[in-house]
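> The feature compositional bias 'Polar residues' is assigned by TrEMBL to 1-18. Annotation comment: TrEMBL describes 20-34 as compositional bias 'Basic and acidic residues'. The domain 'Helicase ATP-binding' annotation in TrEMBL covers 47-253. Marked as domain 'Helicase C-terminal' by TrEMBL: 276-450. Look at TrEMBL and you will find 1-34 tagged as region 'Disordered'.
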Amino acid sequence: MPSMATQNFRTSNGNFQNEAKFDPTRRQKIKEQRKSLPIAAVEKRLVEEVKNNDTLIIVGETGSGKTTQLPQYLYYGGFCREGGVIGITQPRRVAAVSVAKRVAEECGVAVGQKVGYAIRFEDVTSSSTMIKYMTDGLLLREALLDPYLSKYSVIIVDEAHERTVHTDVLLGLLKSVKEKRSKFANKALNINNANSLKNGLQEVAEHDGPGSTFLKPCHGKRLSPLKLIIMSASLDARGFSEYFGGARAVHIQGRQYPVDLLYTLQPETDYVDAALITIFQIHLEERDGDILVFLTGQEEIESVERLIHERLRQLPEGNRKLLTCPIFSSLPSEKQNKVFRLAPPGVRKVILATNIAETSVTIPGIRYVIDPGVVKARTYDPDTGIESLDIVKTSKAQALQRSGRAGREAPGKCYRLYPESEFGKFEDSTTPEIKRCDLSNVILVLKALGIDDIAGFDFIDKPNRISIIRSLESLFLLGALAEDGKLTDPIGQQMAKLPLEPVFSKALILASQFNCLEEMLIVIAMLSVESIFYAPREKLEESRTALKCFSSPEGDHLTLINVYRASVEFLEKSRLTNNNEKAEKNLRTWCKENFINSRSLSHARDVHR
């Protein structure tokens, strides 16, 4: 297959240029890695399948290469010849960014040119981008501006088995978009003059009935049929196939070596401590190979990372060669990259990950997996209107995905920190998120698309009717919906355009009226990230004392403002006598002394900007 780096491409100004050149040795290694992927054996077949089917379900295990390779196959297969973009959605920001960077490297181009990514608050694309990775929520937002998604020739919904709320809504939207684009393309074949073209567009736009604003025509744009690909790591593709009218499903054989499953005799009362003990048991007793530990969130990951370093200092020098590599959604991308690099000779890596490592990313070198059998999941009580992130048991499907990480490159072991009898009590699969979350944001987006009959929307799994009613009531109370159920103007329209939870959107709109916009921006930025404070179990009293320095009797929101402003003041003073790098390092030290999560604070600063 030719490389993007060795071909000429037309730039936005019509000229041709060569893309960036990369180290030949590195490029040869990448070429060999790509050839060894299971998907490479079926490249031509997959391209033909996409050409022959407007909707295709692709099932392939994590590590098969489907996420990185298929968009490239389609690019070289001619699916971008008429200027169309290949869009790939991911449920997680980390995956969208890391995969885009990998594909750009494989293609020999700078990220943001032919290959780019877009996530909330960060768009690394250009007019020349032909392969675009993005979160599923971001593509939903794009539909508000371009309901036909007319710039895309192919849309790939990756990790569809995770069934996030955005994925489920996106599937329903894309199903309708695909049908309408196909209908318009068929009509356009018989159109010979401009008036007929206008009439053809009008017929498609009015398909949903009088007054519908859903999928209004994009005047001046030539619409071709949309190729839709649903990719899943789950072996059961029947649900997706049936939803898309019996769509064809293709299975890609993966690589899987034997994995020994080891269970505890009794349930663990403290799975974090049990995971820590197991890490050192593997490190000191097992042969070479990296360790992957599943934890529920950033706070747990950073706590375990600190405890590992403390215990390593107590070991003899020769036993300290253990490199910790955390990975979670809010971790800066440059630190995420550490996970994918090979450890130095003689050093073992221990990757501390959330469930992002189940299927979204493939990490090389894993031989051992530690699975506590828990995950942090969204839950929603429609009676109280309260949504929360709770630690719950994984499903059998999740446990299977986790154990499979140990057998990608060689035989491995999976340490399940629960008895085998407990595994039998797990649910077979994870409950779709749309059945257990607040639907206010989803309904706001659908309303903005002109879809007023929420209960009648073609969801792959219908959400709870009570949840729909409560969310509609919430939006009405926020002033986003009028009595007829349509978006209010301007409040509802403005709220729908903001990529925030509805309550945050309304707060920002009101803040500008009450002359406290800056304070509200800080509050929302701080509430949009993982916990700002951390309280190590061994230093609870010290952390509580530190918190008192920022606490406000008026409430937590003002406390968050105090923390943010204190950090900004400290950073500005530090920059007076230090360069930016040193000042940032000093800020991290200040955060540690005050039991503030420096990564969360840094992320909040990015959101605030």
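Just so it is clear, glycine is given a Cβ too, placed from its N, Cα and C backbone atoms.
No curator has checked TrEMBL annotations; they are predicted automatically.
Remember, it's a predicted structure, so these values are computed and weren't measured experimentally.
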> Counting by DSSP, what is the helix, strand and coil composition of the compositional bias 'Basic and acidic residues' (20-34)?
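Grouping H, G, I as helix and E, B as strand yields 11 helix, 0 strand, 4 coil.
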> Would you mind giving the whole-number mean pLDDT across the domain 'Helicase C-terminal' (276-450)?
91
> Do any residues of this chain, six or more beyond the ends of the compositional bias 'Basic and acidic residues' (20-34), have a C-beta under 8 angstroms from a C-beta of it, and if so which?
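Same-chain contacts beyond the ends: 3, 5, 40, 65, 69, 105-106, 108-110.
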